[in-house]
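Asks: Please find one structure pasted underneath; my questions will follow.
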Amino acid sequence: MTDLPDSTRWQLWIVAFGFFMQSLDTTIVNTALPSMAQSLGESPLHMHMVIVSYVLTVAVMLPASGWLADKVGVRNIFFTAIVLFTLGSLFCALSGTLNELLLARALQGVGGAMMVPVGRLTVMKIVPREQYMAAMTFVTLPGQVGPLLGPALGGLLVEYASWHWIFLINIPVGIIGAIATLMLMPNYTMQTRRFDLSGFLLLAVGMAVLTLALDGSKGTGFSPLAIAGLVAVGVVALVLYLLHAQNNNRALFSLKLFRTRNFSLGLAGSFAGRIGSGMLPFMTPVFLQIGLGFSPFHAGLMMIPMVLGSMGMKRIVVQVVNRFGYRRVLVATTLGLSLVTLLFMTTALLGWYYVLPFVLFLQGMVNSTRFSSMNTLTLKDLPDNLASSGNSLLSMIMQLSMSIGVTIAGLLLGLFGSQHVSVDSGTTQTVFMYTWLSMAFIIALPAFVFARVPSDTHQNVAISRRKRSAQ
């Protein structure tokens, strides 16, 4: 990319900065949850909604981000995304109650939902096609560093300052990013078709109320009648969307996508698989601190091997799938992740702490292989006219399933535990043991979906589409 103009390189740096902010925030909060609970007077076993409120908002807003960027301009939307994310960070730091924090996290989620997809769109518009892959590699690299730094940085700030600083550090960075965006980013626009507002609202209502209903009386405090009402509203909204999208060329997501068998299998497997995987980044630091008595910084450091394993495996995942095929790889990694989850629980409860980094490294390797395989399986056979829509739907499902996974993990903790817990006590460890056992079972279930993938499905068919897969 050395032959690109200086202005273009600066614009790529701005996009990379946005990727870093968004990826850092998805991991930095996890380590701080027990300290937040103590400060806000809440049970640490009920803090999962801090993550769910952010991830669910991202899932809801993702379908609108690309259309808004084309309609209003990439600079205007990217600037708005950074401002909303920064304001959300400020309000998070100022929150005095859990409800205030949840609202602030939702505002952050609106900004986060627009930052990454609009950043990708910007790269497509400012970089020549032959340099697109190199440019995307450059801007996504900081996004890979964010999860590596997030847990340890979050633990460090919590231990030596306070949890408020995990949000306050975003403010000066956000201000600089917003100013740089206004000064350096071009405001590309495109002619757009009419936005499917009806479909967007139906999907948003369906996803939001079903997730709230899943949280149940343990998390939200809703009565059984209220939960039943939420389920009914959510199901009706999703059924109405299916009716709305049938034979509708302007639908948010065309039902023609599901005529491609591997897309249907991959999407179903991704949804079920990421429910299980979404539990792990939430549960691991909470378990290390509440169940085993680790300090926030120590718990954050323990997450680094998992990220390193994930990053290292990305280099060879194509060769692995080429050698063994999608079905074998996905079934093996799904069952393997379940076994590694049990291994982590066992070694931790036995006090073999020196083994934990190796187990977490292995967990990261297995999880990364499964993620990459799920993404390419889902998108590789789609025709060109449906590839963009399929990628957007996959991105939304990824975020939705992760929010459901965290919700289920919180529900399990509430089911097996109580409002008041003692750090590093036998009773608390029993609560976590039952939760980990349940999680291992849930993580293994998608193997039944992946077993239906045709045995002759191999990676070499998908290499040409890898650039379209969700990150």
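Note: Cβ is positioned from N, Cα and C throughout, glycine not excepted.
Relevant sequence annotations retrieved from Swiss-Prot are reproduced here:
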type	residues	note
TOPO_DOM	1-11	topological domain 'Periplasmic'
TOPO_DOM	33-48	topological domain 'Cytoplasmic'
TOPO_DOM	70-76	topological domain 'Periplasmic'
TOPO_DOM	98-101	topological domain 'Cytoplasmic'
TOPO_DOM	125-137	topological domain 'Periplasmic'
TOPO_DOM	159-164	topological domain 'Cytoplasmic'
TOPO_DOM	218-224	topological domain 'Cytoplasmic'
TOPO_DOM	246-262	topological domain 'Periplasmic'
TOPO_DOM	307-341	topological domain 'Periplasmic'
TOPO_DOM	363-395	topological domain 'Cytoplasmic'
TOPO_DOM	417-430	topological domain 'Periplasmic'
TOPO_DOM	452-471	topological domain 'Cytoplasmic'
TRANSMEM	12-32	transmembrane segment
TRANSMEM	49-69	transmembrane segment
TRANSMEM	77-97	transmembrane segment
TRANSMEM	102-124	transmembrane segment
TRANSMEM	138-158	transmembrane segment
TRANSMEM	165-185	transmembrane segment
TRANSMEM	197-217	transmembrane segment
TRANSMEM	225-245	transmembrane segment
TRANSMEM	286-306	transmembrane segment
TRANSMEM	342-362	transmembrane segment
TRANSMEM	396-416	transmembrane segment
TRANSMEM	431-451	transmembrane segment
Asks: Using DSSP, how many residues in the topological domain 'Cytoplasmic' (363-395) fall into helix, strand and coil?
Replies: 29 helix, 0 strand, 4 coil
Asks: At a C-beta cut-off of under 8 Å, are there same-chain residues at least 6 beyond the transmembrane segment (396-416) that contact it? List them, or none.
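Replies: Those are 45-49, 51-52, 55-56, 58-59, 62-63, 203, 207, 211, 214-216, 218-219, 267, 270-279, 282-283, 430-432, 434-435, 438-439, 442, 470, in sequence order.
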Asks: Among the recorded stretches 77-97, 138-158, 165-185, 342-362, 431-451, which has the greatest number of Cβ pairs closer than 8 Å to the transmembrane segment (12-32)?
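Replies: Per the Cβ count, the answer is 138-158.
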Asks: So which residues does the topological domain 'Cytoplasmic' (98-101) touch in its own chain, when a touch means Cβ under 8 Å and the partner is 6 or more beyond its ends?
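Replies: Hits for the topological domain 'Cytoplasmic' (98-101): 36, 40, 42, 47, 49-50, 91-92.
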Asks: Just give the helix, strand and coil counts over the topological domain 'Periplasmic' (307-341), going by DSSP.
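Replies: Helix, strand, coil within the topological domain 'Periplasmic' (307-341): 31 helix, 0 strand, 4 coil.
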Asks: Give residue numbers and ranges for long-range contacts of the transmembrane segment (77-97): same chain, 6 or more residues beyond its ends, CB-CB under 8 A.
Replies: 14-15, 18, 21-22, 25, 40, 65, 68-69, 103-115, 118-119, 122, 164-165, 167-168, 170-171, 174-175, 177-178, 181-182, 185
Asks: Could you put numbers on the helix, strand and coil content of the topological domain 'Cytoplasmic' (98-101), residue by residue per DSSP?
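Replies: Tallying H, G and I as helix, E and B as strand, the rest coil: 4 helix, 0 strand, 0 coil.
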